[in-house]
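Student: Sharing a structure with you now.
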Ligand code: HAM
């Protein structure tokens with residue numbers, strides 16, 4: 001054997017902080033993402049497919065230079081033409097860019113759009129904090145109506161309910177608007193500058209004082225106990241907007257807690273702001289969040305239109321479900337799994353499986369020359385509810401054995417009746 005052949009080749013690993021989802025666990029990931037998508041489509045949101053990378057300046061201007069996302073976490077590089085591009089760290093800025101570019105804001109308002117896919121942030125990896133993260137999001141643009149805020153918040157809540165998640169809370173606040181935020185910012189800065197803050201925190205107070213409220217250190221939190229809070233400094237108009245939103249959520253039966261210290265990591269938020277928090281996840285407890293962003297479109301060169309949206313973290317929702325011991329799929333991937341014994345049986349089985357699929361059922365079968373035991377293991381691994389076993393005798397009789405893999409009950413049925421019988425059995 002040559003040296004080159006005998007040298008052991010090191011297998012590759014996924015990049016640091018980037019999760020793989022492989023079967024069987026990937027079934028839950030897929031179920032969460034597609035359930036979110038279905039619930040959202042049912043509320044009248046049109047799909048938007050965005051580029052995974054954009055011009056760097058879009059995020060710098062849209063998300064905010066002072067945010068950690070922009071200043072520390074972007075995957076930015078020059079392409080071969082020397083343009084600075086960035087892998088999208090979030091979806092809102094890209095949606096606004098596309099809405100302006102394609103004049104969607106010149107038609108019927110609000111423009112309601114939904115997207116899903118990977119986003120990229122160079123964060124320190126830990127449980128629930130990834131460098132490639134998956135979100136399903138919505139944006140509703142062009143109408144500053146508190147009823148729309150309530151729809152968007154209620155929709156996010158419905159998404160979590162639809163996958164079976166229960167142990168989370170919705171935190172809500174108002175970040176005010178142009179008529180009250182600048183004055184509040186000054187009041188907060190005056191308060192912060194009177195405190196014995198370290199150099200770095202002082203700098204943060206200068207650039208974005210609201211972020212200081214989010215400081216997790218107990219000694220800082222102690223100093224902030226009497227800090228002025230935005231909800232106590234809202235203008236009458238902003239207060240009325242927020243009270244209408246909370247009133248509508250009450251009417252809709254959406255539970256929430258007011259958190260006047262809620263701070264989001266992106267700069268564009270105004271008025272209604274919210275986060276879904278799950279305590280089963282440790283430090284990375286935010287499973288989704290969003291809010292209004294009334295100045296963003298104008299800031300990106302478009303009309304001065306309002307907007308509101310959210311991003312639901314698919315990865316963290318999957319982790320939260322696992323922490324609750326709930327599986328949206330119970331590991332099930334196919335309804336039926338075919339187990340043919342021998343070449344002739346395989347031929348018949350391939351046709352039966354094809355008929356089941358055409359009828360809209362999910363079905364798979366064992367391939368290769370596996371014995372009964374090995375093939376039944378395959379059925380288990382596929383998470384099948386039923387196995388269809390076809391041996392020599394059944395083949396001669398024109399029948400097949402339908403086995404319920406949960407109860408272990410089985411019966412022989414005519415091949416011609418497989419589709420109807422399985423359809424009926426699945427409804428039980
Ligand atoms: P965000 O809060 O930055 O908001 O992200 C939304 C969700 O994405 C988070 O609540 C979290 O579940 C998930 N997420 C964020 N970073 C990570 C990470 N490193 N690893 C795993 N999951 C993560 C936005 O992105 C806004 N664009 C949402 C929005 C839409 N606001 C208005 N419209």
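Backbone N, Cα and C define each Cβ position, glycine as well.
Grabbed the feature section from TrEMBL, which reads as follows:
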type: BINDING; residues: 90, 91, 92, 121, 135, 139, 264, 268, 269; note: L-histidine binding site
type: DOMAIN; residues: 31-340; note: domain 'Aminoacyl-transfer RNA synthetases class-II family profile'
Student: Taking the Cβ of residue 90 (L-histidine binding site) as the centre, count every other Cβ atom within 10 Å, in any protein chain shown.
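Tutor: I count 23 other Cβ atoms within 10 Å of it.
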Student: Tell me the coarse DSSP state (helix, strand, coil) of residue 90 (L-histidine binding site).
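Tutor: Note: residue 90 (L-histidine binding site) is coil by DSSP, not helix or strand.
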Student: Give me the non-local Cβ neighbours of residue 135 (L-histidine binding site): same chain, 6+ apart in sequence, Cβ-Cβ under 8 Å, ordered along the sequence.
Tutor: 90, 91, 116, 117, 119, 311, 312, 313, 314
Student: Within its own chain, what residues at least 6 apart in sequence put their Cβ under 8 Å from the Cβ of residue 269 (L-histidine binding site), listed in sequence order?
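Tutor: Counting only residues 6 or more apart in sequence, the Cβ neighbours of residue 269 (L-histidine binding site) under 8 Å are 175, 291, 292, 293.
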Student: What does DSSP say about residue 264 (L-histidine binding site): helix, strand or coil?
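Tutor: Once the DSSP labels are grouped into three classes, residue 264 (L-histidine binding site) ends up as coil.
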Student: What span in Å does the L-histidine site cover, taken as the longest CA to CA distance among 90, 91, 92, 121, 135, 139, 264, 268, 269?
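Tutor: The span, Cα to Cα at its widest, is 21 Å.
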Student: Near residue 92 (L-histidine binding site), how many other Cβ atoms are within 10 Å of its Cβ?
Tutor: 26
